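Just below is one structure, and these are the notes that go with it.
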Amino acid sequence: MPRGTRIDLATGWRWRVVCAFLLAASTLQCASGRSPKWSLPAGADSCRTDPPETVHVTVTTRRDHGPDLYAADSDGVPRGHPRPPRRLTSAPPTSPQNPPTSPKADQAYEPLSYDELFPALPNAEMAAPPMVDAPRDNWNQLSEMRIPSSVITQVFRVPYEERAKIDGNNQFGESASSRICAEINRHTGAHIEISSAKDQSLTFLVTGKNDAVARARRLILERFQMQARVTIKIPKDHHRFILGKKGKRLQELEQNTATKIQVPTPKDASEDIVVMGTRDAIEKALHEIQQTSDEQSKQAYEKLEIPKHFHPFICGANNERIQGMMAEHGVRINVPPLSVMKNEITIAGEKDGVMKCKEIITKRHKEMERKCQTVSVEVRKSQHKYVIGPRRSNIAEILHDTGVSVEMPPSETTTETITLRGPQDKLGQALTMVYAKANSVVQQDVEAPTWLHKFIIGRKGANIRQITQDLPKVHVEFTDKQGGIKLEGPPEEVELAAEKLENMISEMKSKLCFDEISVDPKFYKHIIGKNGSNINRIRNDTGVLINISEADGSNLIRLEGSPEGVRQAKQELEELVTKMENEKERDIHIDQRFHRTIIGTKGDKIKEIRDRFNQVQISFPDPGEQSDLVKIRGPKDDVDGCHQYLKKMVRDLAESNHQVKVSIFRQFHKFIIGKGGANINKIREETGTRIDLPSEGQNSDEITITGRKENCEKAQERIQKIQDELASIVEVDIIIPAKFHNSMIGAGGKLIQSVSEECGGVAIKFPPPGKGSEKSSDKVTIRGPKEDVHKAKQILVDLSNEKQLASYTTEVRAKQQHHRFLIGRNGANIRKIRDATGARIIFPTDKDEDKELITIIGKKDAIAKAKEQLEATIKELDQVVEETMTVDPRHHRHFVARRGEVLRQIGDQYGGVTVSFPRSGVQSDKVTLKGAKECVEGARARIQEIVSDLEEMVELEVVIPQRYHRTVMGSRGSKVQAITMRHEVQIKFPEKDSGMHLTNGEEDSAQVNGEAEPETRPQDIVRIMGKKERCEAARDALLELVPVTVEEVVPNRHHRYIIGQKGENVRQMMTEHDVNIQVPPLLECSDIIRITGPPANTERACQALREKVAQLEEEEADREARSFKLTMEVDPEYHPKIIGKRGAVITKIREKHNVNIQFPPRGAAEESVITITGYEQNVQEAKAAILAITGELDKMVRDTVEIDSRIHSRLIGSRGRAIRKVMEEYKVEIKFPRDNDDPNMVTIMGAPENVEECKDHLLNLSEEYMQDITEREDMNMYMSQNASSGAGPAQTGGGQATGDAPQQGALKKEGGFVVSGAPWTQEAPNMDSSEDFPSMGAPSVATHTGPTIWGPRR
């Protein structure tokens, strides 16, 4: 029993029952061996039989435990959150008026000094000891009233089974829960602490202002607690009472219960109401909805006022009683949940059942009211969750076993009083169960340094799991701030777990150590490396845990692990830091438009550069910074080399990215682009440039050309040529004295710009000013469409004449919002002043800094009159007036909707006039307008115009199947927005039918097995609001967007051409016509192609498809005509002549007649057959050309002449020059023998007389060459014979060169060991011998051994 527990026994007990109760309670023993001490108030006699009015029993126990630090529980105090120390005292309770009398009482528990380290919560000191049923004589001892603090603390709990799954995407060192709490803290300003209990439930402690805490609680429950969805059936005629007037009651219900409630629309016949939110919130909402329905029910309805503390006896344990009554009598009984502090119980249903249940409940209430007594006990707040149990199971168990209700204090308060209510004979048993539940868990602290915690936990909790898996009831919590470990669980298991942890800690302290390195934080990112590559490498190599804290700006890196690993990691980190300190960093300015090119697709190019300069880091600025600065970091030499390389690359890019801007009138841009981009793509490909046109939103007519300078100039010429060909662009020169140029251009070019805009944007070019003594030209050039140029010329001439007569300028100031009134609609007001005075008035543009300055140019008297008129108008505009008008309240919403968008447009359009509508909830039709008089009148007229439009507004319904809504709306609603703006209507599409009304596994049976859809579903109805004729036009436009499916018959053989390579053709057609084209699969062999899209688009797509098919048919017919084939036989000997040198002759025939000519391979079966393919007429012409060649060849003769093959090379000459000269001279063709032919036979072809002449010439040459060969051979023979005879005398000592073998062997033997056939014994070959070096194709000639037939003999 907790210390100082006070039990108040109400009057009416018999005294002996009291004594028996005390005797039974005195036998209770606490888990820690504490014995209760009972004390009676003064004057109480244990033997008296008359009980006093109230008996005060105080229970005092002794404890020898440490400080009150407990894990998180149902009351919400976070696990590890320190509590203020408390002292156990003896009875009676200590109070400021009743100091302790026993000194030993203060020694019962000696707390640690946590007051200074961990101060109490803000409301902990204010909480007074609970006094339940205090005696009357203690009223005068109440403490003084205190002013409550504006800062409150709330504690609440989210059970594990109701937790939302949010921790799946944790970042390094931070959980999703922490991030969410930080976001809620920023939004609400409330301080949030979160802890997790052993049962995985979450406990939140929220501190702050009252409203901040409320908002934070709602956001926490939305994010951390699982959002349930419950459907309740409520009669359809009760829905309007739940909604309330204009839905206010439903909004209040949603706000009060923090739920989302979906009520079916009046047209929907469903009775299901869907409630979404947390479990407790849904219970509250269902209670309110059911109560509202029951009140409106036509059946019997009874409301019973029964005090809240009797509800558990009526409901029974786990609602057994109430469910039994509902099942037995068929009624609905609504008992408010514990979180709703209401006494009323409602019963609805059949009248007889309601009356019987009312009688049962009333009887039960009176019975318990008569029997019930209460006992209040003090139990530590941290132990309340063990009394409650998961889902209040322990309280239900006590109620079931003893019939006693246990009333727990709210978790938000700090009170520790638990009230037991029930029959007096059961209170003792219930009290025993309460203390048994409360003392079933103990806590113990184990000291461990914070840096050891991660090692104790182990990788993925492996180490700590060794303890927890054997002791599943023990909860282990690590507290970083205190450097300790908290254990919670059964006493025996906690003691065993503490012993294991202490052994593990002592072992780790002996094996592990830590060290710290001081490093400049600017090196952190380099130490970590890309994606943590460097730090992970060191961590894996050394097995050391490395902690780098970048958030707090600390310059310490902490290393934790084995001593050897820590030493090695420290050495590597210090070397890395030293290297980085010696690095160099250089900046290079690179135009931002080149960054993407240098980086390359997916970074491939920058990766090549980094690989080339391996130790260099290149950092580009973020695209949003608009910076040209690129940083290079690394070793000095590598940085310099990379810097030079990048500079060269930038120079090359600058040369290839030269930009030229050419002005082309916007109306001609579409012709520059061409159909499907044909023209611009052709120019891009042929010139190798990039051409960018201004987007639709830009007010520019400049086309940008990028590429090499010469290519840009070519593209510019071609683009300008297209414009000149398509339009009557003229260029006119006029003469304006140079002294008036500056005044005509105007300050900042305002005047000439206004002239250009007035004349359709023509280009007006003034000559540059003269340099030095040079005189500037008077010629001004105007270029543009003919009519616009003529108009601009007239205006400039008039201006020039005005300047020559008199040129004066003056300025007037007016508020920018008044300029539109000075100009008037379509410039009517300003044109009126200009016509009346002759002065030119120029208003500031968006580019001007001074938005209020208006310039007047003209004659002196003209500008004076214009200025006077403008100042008068401006003065009227500056006079602020306030007027009211009447607008029907039902139209107010239109003006103030969408954050007052309509009012903002009116204010912008009419000089910033302020329009004020009555506040929401104020029944008034008065609208106030404040501003300049003319502005107010214009705004009034506009509002009346809008109101009249609203009066005429109708609502049309268009039935469009919901599956087409997305197509009709277009990308991001673009198509519907265009229709809305074009027809000035409002279009509302229904909510998407997500099947939210289907519950308990029901299926939508609206369409089964191909049955037709209902004719009209609410999800298919699109509503259009606006004027009738505009709504009808918008309806037609919407229906035109509804996709239809058209089938087009296309022969299957053409499908692959329609699809194109990788679907390119069909994708282009779908994009161009905004349709979906379905081509049947090849296996189906179907000719049907389906086109789906808006009718107009499908018609265009069908037409394009037909044109494509016609084109394919023409190409197919052309292919058939081009595939005509003809064969002809030509002697293979003529083939080389027909082919010509390097194919020149046959190529010319092919190109001239557009045919394909194929020759058979040499040695084929049909070697003489030539095949010609192409158009029939072309084939016949090519055949005739070949026959013409063969005809000439047939007229030639062929003759052969025998010429020794040894002189063939002499006849051919170097690279065939000699024989080619002979063929050209005699106009013949000479063929020398091939491998299998007679080597001495040479063939001559040509005209008869030419062949004979060539034959004689070749024979003459052969005789001359043969004579030379014969003489050379004879000389060689003589020289070899002479050499062999002169070597005889020299060989006498060594034996004859050609002696007998035995003799030679004897000589060798006499000379010692000899190696025969060795390389050094072989003679060198005779270079002049025809036997060793025979002529090509000539027979070998034996070397003569005898003497020569001529020459002197020696």
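Placed from the backbone N, Cα and C atoms, the Cβ positions cover glycine too.
Just so it is clear, the model here is predicted, and its values are computed rather than measured.
Here TrEMBL flags 1-33 as signal peptide. Taken from TrEMBL, the feature region 'Disordered' applies to 33-107, 994-1016, 1280-1304, 1316-1354. Taken from TrEMBL, the feature domain 'K Homology' applies to 150-225, 226-294, 298-366, 371-439, 511-578, 582-651, 656-724, 806-875, 879-948, 1044-1110, 1122-1191, 1195-1263 (among others). Per TrEMBL, the feature coiled coil maps to 705-732, 860-887, 1095-1122.
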Next on the checklist: Counting only residues 6 or more past its boundaries, what in the same chain has a CB within less than 8 Å of a CB in the coiled coil (705-732)?
Outcome noted: 655-662, 664-665, 667-668, 671-672, 679, 683-684, 687-692, 781-786, 789-790, 793
Item to check | Residues of the domain 'K Homology' (226-294) by DSSP state, where helix covers H, G and I | outcome: 37 helix, 15 strand, 17 coil
Item to check | the domain 'K Homology' (879-948), counted residue by residue under DSSP: helix, strand, coil | outcome: 37 helix, 17 strand, 16 coil
Checklist entry - Sequence-remote contacts (6 or more beyond its ends) of the coiled coil (1095-1122), Cβ cut-off under 8 Å? => result 1040, 1043-1046, 1048, 1050-1051, 1054, 1057-1058, 1069-1070, 1072-1075, 1077, 1089, 1173-1176
Checklist outcome for this item: DSSP assigns the residues of the domain 'K Homology' (582-651) as 39 helix, 15 strand, 16 coil
Item to check | For the coiled coil (1095-1122), the mean pLDDT of the predicted model | outcome: 88
Checklist entry - Which residue counts does DSSP yield for the domain 'K Homology' (511-578) in the helix, strand and coil classes, in that order? => result 38 helix, 16 strand, 14 coil
Checklist entry - Where DSSP helix means H, G or I and strand means E or B, what are the helix, strand and coil counts for the domain 'K Homology' (1195-1263)? => result 37 helix, 16 strand, 16 coil
Checklist entry - Counting by DSSP, what is the helix, strand and coil composition of the domain 'K Homology' (806-875)? => result 37 helix, 15 strand, 18 coil
